[in-house]
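Enquirer: The structure follows.
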Amino acid sequence: MTAVQKLFDQISDPNTKAGYSNACFEAAQRRPKKAMAIAPFSVTTPEALTLERFGITTSPFATTSHTHAADKIIENDCLTIIGHYLPKREAVTLIQLKRSKIHLLGRQPSQDNFQNYCHEPKDVLRYGITHPNSCPVVNTEYAVLADTLHFMSPRQLYHLFSRNPKLERLFATLVLPIEAQHRLPSLFPDVYRLEYYKDHFAYMPGGHGGGAYVHSYGTLKWLDTAQVGPVDYTKSSITNPWPITDYLSIEKIETKAAHHIMFIQRTRAQVDWPLPPIWVYHASEYVKLPLIFYPPEANVQKTYPHTLIKRMQLYCFSVKAVSLRDIFAKLRQVIETQELVRYSMADLIRLANYFLFITGMNQVSDYESPLLENLFGKMCASIRMRLRTFFQNLLGKTSYAALLTVTDVIPVHFTTQPKRREAVGELWFQEPKWSVSTMTQPRKEHHRLQMTWTLLAWFHQLESSGSMSEPCNNSESTPQRTATSQQKAAKLTTSQKHNRRTDQTTMNPQYPPLMLTIAPMMPRHSLMKKTIATPCRTLEEISDLDLDDFDDLPNEASNEPPSANEQSPDNHAETTTRGVFPCECGTEITVNSFGRAIEVAGVNLTDHMKGRLAAFYSRDGQGYSYTGYSHKSQGWLEGLDKLIEACGEKPTTYNQCLVQKYEQGSRIGFHSDEQAIYPKGNKILTVNAAGSGTFGIKCAKGETTLNLEDGDYFQMPSGFQETHKHNVVAVTPRLSFTFRSTVVNSQKKPAEPEKLNQNNACPKPSDPSNASGKQHKKTHPAKGNEKSSSPNLEPLDAPTVEILKLHGFTALTPQHDGTCQIRPVYFNKDIHLRRKAVKTDMSPPARPFFDLATSLHRGIYTHKIDNRRATAYMSDVKNNLTGLVLPKLDRDLLSSWVALAETTTREVAVLAIHGAGGAGKSRALQELLRSSPELADSINIVVPTINLANDWKAKLPQMDPRRVMTFQKACERECKSVTIFDDYGKLPAGFVDAYLAIKVNVELAILTGDQRQSTHHQERESQISSLQSNIAQFSKYADYYLNATHRQPRRLANPIKVHAERQLGGAVLKANIVPDLAMVLVPAFRSQSLLTDLGRHAMTYAGCQGLTLNHLTIILDKDTPLCSDEVLYTAFSRASESITFVNTHSDNPAFLAKLDATPYLKTLISWVREDEEAGADCPATEPLVKDVPTKTHIPVANDKVQLEGKIEAMEDKDTRELWSGEEKTNLMQTQDPVVQLFPHQQAKDEALFKITIGERIRMATPEQNAKQLRHTLNAGDLLFEAYAQFMKVPKETQPFDKRLWTHCRQLALRTYLSKPTSNLQQGARQDPDFPDNAIALFNKSQWVKKLEKVGARFKAGQTISAFKQEVVLLTTTMALYLRKKREQHQPDNVFIMCERTPEQFNAFVMTKWDFDRPNYTSDYTQYDQSQDAAFLNFEIRKARHLGVPEDVLSFYKFIKTHAKTFLGNLAIMRLSAEGPTFDANTECNIAYDALRFRLGDDVRASYAGDDLVRDKACEERAGWVYSESLFSLKAKPLVTNKPDFCGWRLTRHGIVKSPIQLYQSLQLALRLGKIDEVKRSYAIDYLFAYRLGDKIYDIFDEDELEKHQLVTRTLIKKGMQPPESGNHLPIFHITSDRLIRDPDAVKVQSYECDRILLKQPHIIDDYIPAGTQPRNTEHPASADRRDMTRACNLSAEKLAFGGNTINHLFRTSWEGRSPLSN
């Protein structure tokens, strides 16, 4: 899609869309009218597409037929082009042109002269009788010769000019196909066809022989004739000059298919008219093969498509062992059947032998590589190569070298080299003698010459550099190397120098050296920008920043040095913490960063190692040795001490340093630095000075990887080398410093972990090691009192008490959390490194905040805007990767914001107020605003959420509410000089810098936040996801962190390590159900959505930040352990009075036996005899299957690349997953790309469930459903009448068959009992108190394997509706009853795929189907949702007609109209797990099809659910236009010659399964480890295609044949033989299975039960003894009649459809007992 089209697609205004559509319609209406002038003929779609390639528009309204319309249209277009070149006011002579075509030239008939003569017999009919040898008389300067030049000789053309002195310029159209020079078929078969004979070839426009033109092969010389002169003029144009001109020049102006426009003019002798170098006619896809056999006629003679050759070569090389038979089969597979006629069988045999020959050659390179050679070996490489070439020329090439020469094909170009030709006559029409060798020789020589220069450049490269893999050395060796290169380069030609320059630019970074100058102290983000264009950087490019300048380090990467009074006394460089990387064992490594690349002056890398250079420095001059390498000391550098100090350590801590410069990609495996020279337990400092790399650590419990960038450093703690190993990989060229010490530098782990991390600007209060100063000492209880719950506490120090008093705290005694003392205040030790802002430089509205900060013992510091963070946020906004409001703004405005974010360089005053929730961070600000109303108009308050904005408005009612805004609205509104960013940790990363960049009037930014709470989360696709949070960015400006709260009492605050003001109150409760009134906090968005739908006030743990609530309910479920500490702290710090915990996550008990696990199952099926289960544990024996002989041969296919196309086209997980509004689905499973192609729909996927509910479920009240039923009675009657007519339903109403009903009930129960135990353990649905109309909805778990859904965008899943079990058994009984009734009247021409085997369907297709006419198939849009009231009326009408009792129908209608779910009452629709789901879908499908179309008895049709296929595309009923509006069901008809039905393809040879479908399903089963479970069923599906033998070539295309072969191979490898599909149905019928297992068993069958007796029964002839009571002589038939009458007379109105009514309906209504007798 073009950019303009994308802009139009973004139009959303309906009026604009309508205007755009109208403009498109007008343009489409005008263009065909213009096209009719050139293209008045109707063309087929392939012809129209071909013409459009030539820039010719056709009209869809053209109706005039023509035998060769496309060719004629091209002819007209050529004349139109010529008309643009002709002079408008001068007369032109038109030769061989019909008068009816004068309009194509854009000229008037009276203006020009027509000179037509007979050149061939058909010209007599065109132009009248003229002398065939006459020459046209031309009295004008310009002339046009139409479609005749190809019949003329150069002498005739010369004669035309010589007889007409006034003729200067001639436009001629030439019709000759360029492919005829190579005897190739037509390049444009839709326009013309070609046939080749001995001396001639035929050009057939449109493939119509009646309009064919026959040419001799000699006429093709016109395609390379650029100049025509007199006889022998090429030898001497002076001895035999022309009368008027020296020669004629011919220029090719245009080519369209075989039509060419030639421009011929006189050329004077004094004019130097050079020949063009080449004429190009068409792009070529044809090639010839090199000669590999002797004699030459044994080689491939013909020309073949390049794609065909390459595909065959790759096929032969990719198959493990290819045979000649495989090659022939592959050729048959890749060549279309209609194309076979143009190939010579003899040449195909030669072609197959060519492929077989090259496949047997060695495909592994036998050339040597200098990569592993030493310096001497590399210098001798060129000598060895020359010797090898010399001996190969004498003794013959190696197999690999020969293979390289014969695999490259010889291109056949559709070009000509223009020539000078003599004006000959009859000789012109003789066939030229083409020479392949002369045509290809110049190209071969050029190729050989080019390869020679390339090899020379390669050898010189090796000699000059000495080592290909050697990194950049110091500058001392560069002049010598350069001089040598210049001396050798002087011997090369110009072309050699050019080639060598190109090679060295790409291969050797030293020739010429690729240098990139970087300004000192460049920030990291600037360095990254400059290195994007050169990803493979040398170390000189990225490590030119000197540590000698650390004394002048600015704040925040500024280019201006700070003042003297702001510099650190210990030269401590400003650093940031990039992250903490925990190991599996609990060890943590903190990575800090200078934010830029660094370099120590004076480092000289002299030691060469594999993949790196090194230098070693030590204070005592001692060297360093380890396995394989040894380093001598180069002394010590002053810059090394500065680097140690910059990392926060004392210089005396380390006395040795190893400097290493890594090449890109070099690595060091896992090892430990346990040399004896170093004491055990010593610390090691590693500085990644420049470049990128990964540092892996491994212990016994797992591995962790650290990503290192420019300026990163970290320390391996004491004892690390004894417990861990580490490795290094250089992602880019990398420079590193490793500091060690030979004396003990480790310290024992302190018992007082209060030391502040030197590199954290403001530490986490939860980490007691981040305290500044010694506030208290953690003491452990005595050994004798280990059970004591409160630790020893020390008084709070004076600075802490003072800070607490300033914030209104009176609880000044120490508190604890049960294990250790809580610190109320955490001071920032490094705050003195920040530069303070000057109050006098600020505007008057900002100055009161300086006094406020001073009163709180806080400072206001200067912050330089971070352009990298600002640009990342604004770029994400512009690209619609973050936010909902801002991306919709004007694109120009967003672009200007991005530009400001990139370029704004200014400092802003920052006041950072950090504290716990309820610490009073914003209280002082609000009091200041209340006391100074004039300040309210000079500030803006920016908040992350609407809830927080409402909180500010409530606390400042006198303030203009427009001054309080969310962060996205803040970007749109005007700015003020002071901006308060409340709870700024929840703002997107980079927003603060971006806002300050685009709002240039902001002088003071006040930041309030809590670094212990959760921060803003962003998707991974955005740039800001890689940035550190705002808290981490600005915490360095916070003087202290106030870890105390006024909000919560000690009972709630101390457990989360917060000092509390309130000593009393607070409660922690536990409940089993969620309370009604309190706010509910849940861990996941999906739970929040569900509770909100139920009317609860719910928020997520992280989303409640900023709120204060009295009472709070926190739900604990399976997602709670996944939440971070920050998120849990946020949730626990919200409540001020009580927290109620509700545990909703319960463990599932182990499954029990069937009856014990489901207590209601016994009462439900107590009357089903248990002896039906006898023998169920006896496995059925597999039938003996004989081998089926192979009837055809399919070429071996490569199994590794079959799914590559879909894998490459597949989008990433985040793009494919569906967004439910709260979270994404989880349909893409595992890391296997093949498995990822298949969506895995799972019942536990809450996001998918929500999307599926929205897509599949419709809601309506019972009243609305009843109203719809009344309004659609006529529609239901129409459906039934059409159904009855087509399905031959008896006209009389059928009586109720009690015996059939009982039999169907037995079938339903047996099927139910045959299910797995897990399916039966649905105790709730068997509960008698479970409402009859209640439905449980859940997702269907499945792997989606449909062809159109594999690798495609994900869609909603399928729902399963779980009814009460007795309801299901009753409706299933009804469905089975109706099925049996339907089978009694179903016509033979209708096949319903229900309880039918594929063999039966195959027989139906083979014996009845008509493939000689177009077939019809149809799909539906939302079929289940469209089974509404009209179809329910049809079902009830049909069931009533077939004798189903009214009480059953009333109950069925009730559950359809009163279906209750957790969402509410459902509309009338089809639900899965209904009893009659499949049967009702099928019947409704038949009825709809019969109502819409006229279906006669001659139509064969197959139906199954919503699938249908017919062998005839029937006429639509005339009344359908009036009936269509009655139905919401919409069909998508398709008339095709390749019908599909239920996954089967219907063919003349029978039904077959799609091999692509089978292959994909097998691949999924293989990767899931389930192949043994599915291989037999897949083999049965595969069998139908396997049995066809050679006929599969008529059914499958090339891709399907490959998949068929791979399926065959997979099944054979898994031990499968061709199975028998069998004639039995795979239904759950225990009785039939027993008969298979024990053929001696006796079957006793009645209408009430089917039983199997393993032993011969003992029969008593007269069981009832003679007595005094009279015997009942009533006939059984009359008893049955009485029972049925009693059942049918049961009033439907008496049914309440609740309680045990369904139980009575199912158990007693037709058992011969009254429902009321119990």
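Keep in mind that glycine also has a Cβ here, set from the backbone N, Cα and C atoms.
The domain 'Alphavirus-like MT' annotation in Swiss-Prot covers 59-223 and is backed by sequence analysis. According to Swiss-Prot, the compositional bias 'Polar residues' annotation covers 467-496, 556-568, 756-773. Here Swiss-Prot flags 467-513, 548-578, 746-796 as region 'Disordered'. Taken from Swiss-Prot, the feature domain 'Fe2OG dioxygenase' applies to 653-743. According to Swiss-Prot, the feature domain '(+)RNA virus helicase ATP-binding' maps to 889-1042. Annotation comment: Swiss-Prot describes Gly915, Ala916, Gly917, Gly918, Ala919, Gly920, Lys921, Ser922 as ATP binding site, evidence class sequence analysis. Swiss-Prot lists 1043-1176 with the feature domain '(+)RNA virus helicase C-terminal'. Annotation source Swiss-Prot lists domain 'RdRp catalytic' at 1413-1520, citing sequence analysis.
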Enquirer: Provide the three-state secondary structure of Gly918 (ATP binding site) computed with DSSP.
Expert: coil
Enquirer: Neighbours of the ATP site Gly915, Ala916, Gly917, Gly918, Ala919, Gly920, Lys921, Ser922: Cβ within 8 Å of the Cβ centroid, same chain, sequence order.
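Expert: Apart from the listed residues, the neighbours are Arg923, Asp1010, Leu1042, Thr1045, His1046, Arg1047.
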Enquirer: Count the residues of the domain 'Fe2OG dioxygenase' (653-743) that DSSP assigns to helix (H, G, I), to strand (E, B) and to coil, and report the three numbers in that order.
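Expert: Helix, strand, coil within the domain 'Fe2OG dioxygenase' (653-743): 5 helix, 51 strand, 35 coil.
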Enquirer: Could you tell me the mean pLDDT over the domain 'RdRp catalytic' (1413-1520), as a whole number?
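Expert: Its mean pLDDT is 89.
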Enquirer: Pull the DSSP breakdown for the domain 'RdRp catalytic' (1413-1520) and write it out as helix, strand, coil residue counts.
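Expert: When I sort the residues of the domain 'RdRp catalytic' (1413-1520) into the three classes, I find 42 helix, 22 strand, 44 coil.
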Enquirer: Residues with Cβ closer than 8 Å to the Cβ of Lys921 (ATP binding site), same chain and 6+ apart in sequence?
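Expert: Counting only residues 6 or more apart in sequence, the Cβ neighbours of Lys921 (ATP binding site) under 8 Å are Ile913, His914, Gly915, Thr1008, Gly1009, Asp1010, Leu1042.
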Enquirer: Run through the Cβ atoms and count how many others sit within 10 Å of the one on Gly920 (ATP binding site).
Expert: 23
Enquirer: Taking Gly915, Gly917, Gly918 as the binding-site residues to compare, which has the smallest set of other Cβ atoms within 10 Å?
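Expert: Taking Gly915, Gly917, Gly918 as the binding-site residues, the minimal 10 Å Cβ count falls on Gly918.
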Enquirer: Counting across all protein chains shown, how many other Cβ atoms sit within 10 Å of the Cβ of Ser922 (ATP binding site)?
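Expert: Ser922 (ATP binding site): 21 neighbouring Cβ atoms within 10 Å.
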Enquirer: Identify, in sequence order, the residues in the chain of Ala919 (ATP binding site) that are 6 or more apart from it along the sequence and have a CB within less than 8 Å of its CB; answer 'none' if there are none.
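Expert: Result: His807, Leu1042, Asn1043, Ala1044, Thr1045, His1046.
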Enquirer: Among all the protein chains here, how many other CB atoms are within 10 A of the CB of Ala916 (ATP binding site)?
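Expert: So the number of other Cβ atoms within 10 Å of Ala916 (ATP binding site) is 29.
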